[in-house]
Amino acid sequence: MPETALLEEVVDRVRPLLGQGKVANYIPALANIDPGKLGIAVTTIDGETIGAGDYLEPFSIQSISKVFSLTLALTLYEETEIWSRVGKEPSGHSFNSLVQVELERGKPRNPFINAGALVIADLLQSRLGAPKHRMLELVRALSQNDKVCFDKQVADSEYQHSARNAAIAYLMKSFGNFQGDVDTVLRTYFHYCALKMNCADLSKAMLYLANRGKTLDGTELISQVQTRQLNALLATSGLYDGAGEFAYRVGMPGKSGVGGGIIAVIPGELSVCVWSPELDTQGNSLAGTAMLEQLSQRLGRSIF
């Protein structure tokens with residue numbers, strides 16, 4: 001288990017990087033965030049959580065929510081029902097690409113790009129009577145924090161700027177790979193992205209990825225095999241088009257969001273969440289990646 005002093009040192013060492021990235025501005029509600037925030041939290045498989053910096057300040061988790069939605073789908077569907085509609089390969093295109101959807105006849109490359117996450121949201125909408133409420137129940141239970149909520153301002157802001165995601169959904173619908181009402185699914189999807197959580201919440205919530213599918217309270221959420229498979233997908237496709245660089249520098253399965261958060265896991269040991277709102281050119285937290293690289297090096301840990 002790393003000590004708090006180590007996490008504080010990691011935060012201090014990356015602070016000079018502040019100012020080198022750019023806060024996401026295509027969602028107006030995200031553009032107003034203080035770019036100088038830095039936080040890190042670690043939860044070990046014995047249930048202990050420590051943190052440093054702004055690790056208790058909530059932020060918009062954005063695409064990190066795609067891990068929760070895929071996990072929820074895995075508890076509701078046979079795997080063939082999921083993987084017949086979305087692939088398992090890295091994209092190589094931007095996370096909101098229409099071109100790839102067209103070229104591959106409506107089947108998204110993986111569940112962590114927007115097209116793939118929209119298919120997963122469509123699956124959840126088909127199977128659940130109240131998909132937004134069910135997601136909130138899940139993340140509150142996983143993080144053991146019943147104050148986790150949706151940021152309605154962010155969800156509304158995303159909906160008002162949803163033309164591209166709507167285009168992706170309608171394009172997939174034209175290929176027969178989208179069943180529900182596009183507007184309804186989009187509203188659910190944007191609420192998932194607008195979950196507000198802090199680094200401590202997320203490191204606790206993602207512990208099942210490090211603990212063979214078992215949550216903080218010991219409940220089996222998904223199987224050991226499913227957990228291994230999910231971590232494999234995170235290692236290859238969790239960081240948009242920066243997955244290779246992240247694997248090289250950090251060496252952990254991970255998932256980023258344009259809110260500046262990144263979650264990562266060392267299977268069998270710990271889950272970690274970092275947050276710094278300034279992004280690199282790939283849309284991943286610049287200082288966040290550096291914090292994970294520092295932590296990986298200091299602990300001498302990598303999955304490779």
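Even glycines carry a Cβ here, placed using N, Cα and C.
What Swiss-Prot lists as substrate binding site is S63, N114, E158, N165, Y189, Y240, V258, and the listing cites sequence analysis. Annotation note: Y240 (substrate binding site) sits in a helical segment as assigned by DSSP.
Long-range neighbours of N165 (substrate binding site) (same chain, six or more residues apart, CB within less than 8 Å of its CB): N96, N114, L118, L186, Y189. Sequence-distant neighbours of E158 (substrate binding site) (same chain, 6+ residues apart, CB-CB distance under 8 A): I27, A29, F190, C193, A194. Y189 (substrate binding site): 29 other CB atoms within 10 A of its CB, across all protein chains. When the Cα positions of S63, N114, E158, N165, Y189, Y240, V258 are compared pair by pair, the longest gap among these substrate-binding residues is 19 Å. Neighbours of S63 (substrate binding site), defined as other CB atoms within 10 A of its CB across all chains, total 24.
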